[in-house]
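Below: the structure, in structure tokens.
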Amino acid sequence: MILSVVSDVCLRLTRFLTTKEKFHEFLASARPRASRDEADGDPEEPSGEPEQKRVKLDRDAEQKKKKMRGQNKSRPHIKPQSYEERRLCPSIVQERDTECVYGEKCRFLHDVSEYMCSKAADLGDQCYLFSSFGWCQYGVTCRFSRAHTSPELKNLRNEELCRRSTDTVSNHLDKDLQRRLRKKQQRFPGAEAYLKTVSRGEKSTHTSHAAGDAANGPETVDFRDKLYLAPLTTCGNLPFRRVCKRFGADITCGEMAMVTNLLQGQASEWALLKRHASEDLFGVQLEGCFPDTMTRCAELLNQNIDVDFVDINSGCPIDLVYKKGGGCGLMTRTSKFEQIVRGMNSVLDVPLTVKIRTGVQQNCSIAHKLIPEMKKWGVSLVTLHGRSREQRYTKSADWEYIDTCSKLAAPVPLFGNGDILTYEDAMKARETGVSGIMVARGALIKPWLFTEIKENRHWDISSGERLDILRDFTNYGLEHWGSDTQGVEKTRSFLLEWLSFLCRYIPVGLLERVPQKINERPPFYMGRDYMESLMASQHVDDWIRISEMLLGPVPKNFSFLPKHKANAY
């Protein structure tokens, strides 16, 4: 086999294997336009491909490189609204009867004709929002507006479809609640009562809501034998979760939300709590490191949103969280951890779950010591990622250790997490004592993994089927983030983040040995058709090309670099 650096990934026919140069030459041969580098005259754009070895310049440069591994921390941050030079006033877009409250001081356009002269061209004749709900709230600013605007530029409605459609998303931030939070007028009687007991040295006796505890009545949730889509920062957004629900995910959870931001009423943080109607078993994950803020936030959410469980993130490895004592840091602060769990349990009417790692240091696992204590504190479910904080994703998950911990957790259910990419991986995981399986990177690489696990088979999915999945995601994105320029570009940015993982998938039909392993870097190979080859590219420009097939051309000042480096396998 060629390309020995690729571990032992084996393609069925040598004709599929190729070199990096020939691979990119093949993709470039069918490009409808010049590459972005040539068109813009910019220096070479960063790609997701592994860089060639460079000469070590000095110790400082080496330290900086080591510090930034895994994440592109200096990536450009361009807000989606900056892609539109002149924006129309919301009062005009929504066709309100009243005049704009800002009057002459309003910084937006009020002349629709003037706006239409500078508006970017429509992306198509069909608007997904109008076709699905009978009305598009973005009116003339929609990038598919000709599907629902009259010659007089008025927004049209399909009244019959409007009557049949219902709001499919819940857990919105109420404006009055946001105002109270910002002015610190929101009261937390349950949290305050608990915090007084802590100051007096007492302990809450609140019990868990785990399945099988009959004393808790209808509040129990049966987690066992289910497939759990992990809460994934950035990529685990609502449109992506909808895709995974279609393929068979049983449990979904919102992205990690910071409790301090939620308590301040930040709309962007509250957006992480939104729930789609298809998410029948849904939870939210909270990150914090102090009993007072965590307990207050739990009480706040218990009163204002609809969830089936609340999860504590005590497994996040990133420095920003860990150095403040949150994420993995909680595992070494057991006294505070206990106060947080007992406090949150005292104010919640739904189960409280916890996600942890094996420990902080690579050769010093502590989860087995912590789990028996968490049972006493009242957790309803423990999810264990089979790696330490130091390991991140560079080593294989330790499923033997997960098995040991599952026995210690009983009768509290314990879910295992780590390296699940195929149904064989899931079968091996189920041979341990775990109550269920959490899937993270595997779902990003192939969201149809849930179907494969439930049907015990490999799915040799075609490039056309994979493109249809991306098209569904973009439609869900336009519904969630909007179909105006701002929404289109926000959808594109999340699509591109996802494509940085999707490119790692090797089609089953090309493999000599199945299954593919999650930490194996794919070699350069030609697909069975051009689209399959394009989807295998780890170059940012090719991800952008795929996005343009679904969302039209990118704006002139567009720039993108993925949050996670593609070589952080």
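Including glycine, each Cβ sits where the backbone N, Cα and C put it.
According to TrEMBL, the feature compositional bias 'Acidic residues' maps to 39-48.
Positions annotated as compositional bias 'Basic and acidic residues' by TrEMBL: 50-63.
Among the features that TrEMBL reports, compositional bias 'Basic residues' is placed at 64-78.
The feature domain 'C3H1-type' is assigned by TrEMBL to 83-113 (among others). Within its own chain, the domain 'C3H1-type' (83-113) is flanked in space by residues 119-120, 137-141, 153-155, 484-486, 489, 555, 557-558, which lie at least six positions past its ends and keep a Cβ under 8 Å from the stretch.
Residues annotated as domain 'C3H1-type' in TrEMBL: 126-151 (among others). Within the chain carrying the domain 'C3H1-type' (126-151), a Cβ under 8 angstroms from the stretch's Cβ atoms is held by residues 87-88, 93-95, 112, 115-116, 119-120, 157-165, 475, 478-479, 482-485, 487-488, 552, all 6 or more beyond its ends.
The feature region 'Disordered' is assigned by TrEMBL to 28-81 (among others).
Feature annotation from TrEMBL assigns region 'Disordered' to 198-217 (among others).
Taken from TrEMBL, the feature zinc finger covers 83-113 (among others). As a summary of secondary structure, the zinc finger (83-113) carries 10 helix, 2 strand, 19 coil according to DSSP.
Per TrEMBL, the feature zinc finger maps to 126-151 (among others).
Using DSSP to sort the residues of the zinc finger (126-151) gives these counts of helix, strand and coil: 12 helix, 2 strand, 12 coil.
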